[in-house]
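Asker: Structure below; questions to follow.
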Amino acid sequence: MWLSACLCLVLSFLGGVNGTCPSQCSCEYHGRHDGSGSRLVLCNDLDMNEVPANFPVDTSKLRIEKTVVRRLPAEAFYYLVELQYLWLAYNSVASIETSSFYNLRQLHELRLDGNSLTAFPWVSLLDMPHLRTLDLHNNRIASVPNEAVRYLRNLTCLDLSSNRLTTLPPDFLDSWSHLAVTPSRSPDFPPRRIILGLQDNPWFCDCHISKVIELSKVTDHAVVLLDPLMVCSEPERFQGILFQRVELEKCLKPSVMMSATKITSALGSNVLLRCDAKGHPTPQLTWTRSDGSTVNYTVIQESPGEGIRWSIISLTSISHKDAGDYRCKAKNLAGISEAVVTVTVVGGVTTTLSPDSSERSPGEPPEQHPQPGLGGSTPPSKSWLSPGLTSAPSYPTPSAALYTSTWSPPPSSLPPIFSAASATTSVQTSISGRTARTSHQPPLLHPGGKSNAKIEKNGRKFPPLSASKKEELALLDQAAPMETNVTIKDLRVARETGVSVTLMWNSSSSTQESSVTVLYSKYGEKDLLLVNADDYGKNQATINGLEPGSQYVACVCPKGVGPREDLCITFSTNRVEGRGSQWSLLLVVTSTACVIVVPLICFLLYKVCKLQCTSDPFWEEDLSKETYIQFETLSPRSQSIGELWTRRHRDDGERLLLCSQSSVDSQMNLKSDGCRTEYYG
């Protein structure tokens, strides 16, 4: 009897849960021909102030709209395991618990538009792994926290329009960065896109939303704005201006530079990897492995100036587990950029110490043993820019790279660049299975503690490794170049012109021509040029771009090994005959011009001086030849008509006229008789 009562109670409860519809809601069941179906529940009673607790468990779509529900309690829908659509639009919801959507693992669409939310529990998205649409339109949300970015990855539609947002986290759009690199699964289907609604918010246009501003200016992107015609509210100079017309002056996405893309190193050696970045604001640099894990090696990072930052990672005593990709990621408010370098580890390591090493004093460096095939000379020490330091750097483009090396051959007649002193080798490591050796040498530093290593790629100089910094010097001292066993002899000049020269040599190795490196420089200069790999041939190389009539020094050495005296040659380029004839023609033209112009100038000067000296007598002579009107003087006393009109002598009239016009003539006449006035009476 008791068992039957309990059974009836359980059945009645299950029946109420499965089939009972809340009194303030309406429930509809839509069946299909295959016997399956879906249940729709609609609750829009204006008097409803809380979420009912007895929805049918097979509900697939629940709509609670236009009610006065103000709060979503914890686990409000936990038993609706088949729920796919939850619409809570145009209510009065002001708060949501973190666990309000617990157990809604099949939910595809969540709409909370038209409520009074000031915040959303973003962590609750973990309880809804299949959620694709989240509508928070027309609420009072004022900010999106930085931690929300990690939960947005699975969303395909996010509507935050008509809220109170002024800015967004810098990494907001990075939530969907995987879509930019993931190719489409099939050519018949378009790539997956994200719909993002951000319009009708009082945006403050600065670097924090620079990515959104740039997004509004492009059309083909994985993330599509629901309304690209968004406007700025602040600052005042951007107020009312469309995102598409805003130009932010101090926002620059980082650019990352690495001096090599592939590094091959011996097992147990040390490698330095360097990364340089520029951007505004000044970017932050992080190193990660290909699997996303952080790097557990010493990392040095420094910002020498605003907008510039570099970072160095030291891989000491590397093993095969250290091989792989190393990513340098630069990040600031304007965006993220990264560069990748691949490290390859080869060989096995055995350390060989000379028999008399124990007899030396602790402070005395060990003696270096000559290597076979190298003529017993001391291997040069070379200062390289990291990464590399164990092999010749590999560049993405085949363009020639300019770098400065410090060599240490024995004294010879070579130019001063080949006479620098270097540190001796302290350890020799043999690589099993290969006839190669690794010489661990510290880079040579100039007085003052600064290294002269530098590289120029594609015409752009990379800065030195800031060797003045103690930490960086400590890392540089651990670097080691790798020397391959290639014997080169009989280096000679096969052909030379005014602008190029062809070098030939004999090699006892069966390796390809790419196993050697050709360096050259103008005689007496310190900057060495690396010959382009495209100019290499079988045991020969062509150096182009030389100056006619100049002296150069060229060296051929195995890749990763510095130049030696016996592998270098001095040559001079031919003089261009055409240039001499041009100079001769120019000299003839100049001489002819001087012969013609100089006498003409002298003649003109003579004429000018002559005119200046003869100007006064010339004018006096002209005045004397002029004809003047003769004047008669009337006497004030009574005279006869004959006497009154009696003409005076011509010379006296002329003298009277000149006396009234010229002071000089007046003085002369006064001395000789004066200007007498004659009266006839």
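Cβ atoms here come from the backbone N, Cα and C positions, even for glycine.
Straight out of Swiss-Prot:
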- 378-391: compositional bias 'Polar residues' (COMPBIAS)
- CYS275-CYS328: disulfide bond (DISULFID)
- ASN18: N-linked glycosylation site (CARBOHYD)
- ASN296: N-linked glycosylation site (CARBOHYD)
- ASN485: N-linked glycosylation site (CARBOHYD)
- ASN506: N-linked glycosylation site (CARBOHYD)
- 350-391: region 'Disordered' (REGION)
- 425-464: region 'Disordered' (REGION)
- 152-175: repeat 'LRR 5' (REPEAT)
- 606-681: topological domain 'Cytoplasmic' (TOPO_DOM)
- 585-605: transmembrane segment (TRANSMEM)
Asker: So which one is it: of the glycosylation sites ASN296, ASN506, which has the fewest other Cβ atoms within 10 Å?
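Answerer: ASN296, out of the glycosylation sites ASN296, ASN506, has the fewest neighbouring Cβ atoms within 10 Å.
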Asker: If I restrict to non-local contacts, at least six residues apart, and a C-beta distance under 8 angstroms, what lies near CYS328 (disulfide bond) in its own chain?
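Answerer: Sequence-distant Cβ neighbours: VAL256, MET258, LEU273, CYS275, ALA277, LEU285, THR286, TRP287, SER311, GLU338, ALA339, VAL340, VAL341.
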Asker: Sequence-remote contacts (6 or more beyond its ends) of the repeat 'LRR 5' (152-175), Cβ cut-off under 8 Å?
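Answerer: For the repeat 'LRR 5' (152-175), the far contacts come to 113, 122, 125, 129-146, 192-204, 206, 208-209, 211-212, 215, 223, 226-227, 233-234, 331-333, 336.
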Asker: To the nearest Å, how far is the Cα of ASN296 (N-linked glycosylation site) from the Cα of ASN506 (N-linked glycosylation site)?
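Answerer: The Cα atom of ASN296 (N-linked glycosylation site) is 46 Å away from the Cα atom of ASN506 (N-linked glycosylation site).
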Asker: Count the other Cβ atoms sitting within 10 Å of the Cβ of CYS275 (disulfide bond), across every protein chain shown.
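Answerer: Excluding its own Cβ, CYS275 (disulfide bond) sees 28 Cβ atoms within 10 Å.
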Asker: According to DSSP, which of helix, strand or coil covers CYS328 (disulfide bond)?
Answerer: strand
Asker: With DSSP as the yardstick, break the repeat 'LRR 5' (152-175) down into helix, strand and coil residue counts.
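Answerer: Its residues divide into 4 helix, 3 strand, 17 coil.
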Asker: State the three-class DSSP label for ASN296 (N-linked glycosylation site), counting H, G and I as helix, E and B as strand, and everything else as coil.
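Answerer: ASN296 (N-linked glycosylation site) sits in coil per DSSP, no helix or strand.
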